[in-house]
Amino acid sequence: MGVISPIETLFLKSHHRLLQPRDYSYPVVLNNTRGHFANFPRSCSVEFPLRSNPISQNGKSSYHWRIYVSESDTNEMYHKKVSIMETLKQANSYIPHAILSSTILALLYPPSFTWFKPRYFVPGLGFMMFAVGINSNERDFLEALKRPDAIFAGYIGQYLIKPLLGYIFGLIAVSLFNLPTSIGAGIMLVSCVSGAQLSNYTTFLTDPSLAPLSIVMTSVSTATAVLVTPMLSLLLIGKKLPVDVIGMISSILQVVVTPIAAGLLLNRLFPRLSNAIKPFLPALTVIDMGCCIGAPLALNIDSILSPFGATILFLVVTFHLLAFVAGYFFTGFFFSKAPDVKALQRTISYETGMQSSLLALALATKFFQDPLVGVPPAISTVVMSLMGVSLVTIWKNRKE
């Protein structure tokens, strides 16, 4: 334990110097200065244990900026702080484990997630968008708007490729597997809804620079869902769904626009607070995502465990798998000369393979009397999330 002077404090502010070997002897040469520093010696050395002589000024002696330092304690505290921060920042790597765990827990003990009511879904998804917004800036979104061709490609994936696949698998479910017509309608309904906000977060984890582009794609598909979803449902299912336009706009504002704007403003106006929050967001997002995945499963457990459950699971998994693959290769074909073609392929693959299954579940509950219509959307919520985060793990490892 020792006392260090102001000059020595300057040397000890660097973590690098604090972590050097025990030989801390190096000269310090000072130029002539005025004021308090004029009384310091022209050279000094720093050694452990740290000591300093009193500073003479106006006939009085004092120790300015007195700091007590222990070398071993400082090193231990520094490493512990770094270890905790690194663990928090790397929490995103545990997303697949969290989703798988929440799925198993919801199946084995539904009450563990039934408390997470549907009214919590919007705040839960909004928190993920806040995490994306706080790690972005407004320039990223302005750059995203300069790529209308990519935005249009994402729209084609959402409202052309995916509905065609949904229609095919809906027919297969009824004609080939002899499932009730309501199951086929549920699969088609899943394919008619807008993009999932979770696709924005998976893009952020894989290709952060394209997260704003993904957000714009999802926002466009969600904004036009008030017209496109009823039209597609009428065309594919034969049932007109009077989607609540005001409710849809409110949902867009709550889930996408407001959280992202809040993150951007916090990042710009209060950078210190923003930097203090960022390390904790990955861990909180993992918990949030686990709740958003486990809750729909737990709330619809009776229908999912019905005699048709395994067959529906197979159909939904295959539907999503082909949607991911179609989005990836469709983008690679039309954007083969783009400098970031691989990142763009991954982004539009997420957009095509992942959709707002929670919206499909809400529509099924509100506009269809048969509860079996809601089974494919409930299963889809889990399946597309697991597949999306699995692709995040695969593609991130390939990039590294």
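If you go along the chain as it appears here, the first residue is 1 and each next one adds 1.
Glycine is no exception: its Cβ is also placed from the backbone N, Cα and C atoms.
TrEMBL lists 91-109 (among others) with the feature transmembrane segment.
The annotation transmembrane segment is assigned in TrEMBL to 159-177 (among others).
Residues or ranges marked as transmembrane segment in TrEMBL: 183-201 (among others).
Under the heading transmembrane segment, TrEMBL lists 213-237 (among others).
Residues or ranges marked as transmembrane segment in TrEMBL: 243-267 (among others).
The transmembrane segment feature in TrEMBL is assigned to 279-299 (among others). Tertiary proximity for the transmembrane segment (279-299) is limited to same-chain residues at least six positions away from its ends with a CB under 8 Å from its CB atoms, namely 85, 88-92, 94-95, 98-99, 101-103, 105-107, 110-114, 116-118, 120-121, 124-125, 127-128, 131, 134-135, 198, 201, 357-358, 361, 377-379, 381-382, 385-386.
Sequence-distant contacts of the transmembrane segment (311-336), counting only residues of its own chain at least 6 positions beyond either end whose CB sits under 8 Å from a CB of the stretch, comprise 149-150, 153, 156-157, 161-162, 165-166, 169, 172-173, 177, 179, 183, 187, 190-191, 344-354, 375-376, 379-380, 383-384, 387, 391. The transmembrane segment annotation in TrEMBL covers 311-336 (among others).
For 374-395 (among others), the entry in TrEMBL reads transmembrane segment.
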Same-chain residues at least 6 beyond the ends of the transmembrane segment (159-177) whose Cβ lies under 8 Å from its Cβ atoms: 183-185, 187-192, 221, 224, 228, 232, 236-237, 311-312, 315, 318-319, 322-323, 326-327, 330, 352, 355
Proximity of the transmembrane segment (91-109) to the transmembrane segment (374-395), 3+ C-beta pairs under 8 angstroms: yes
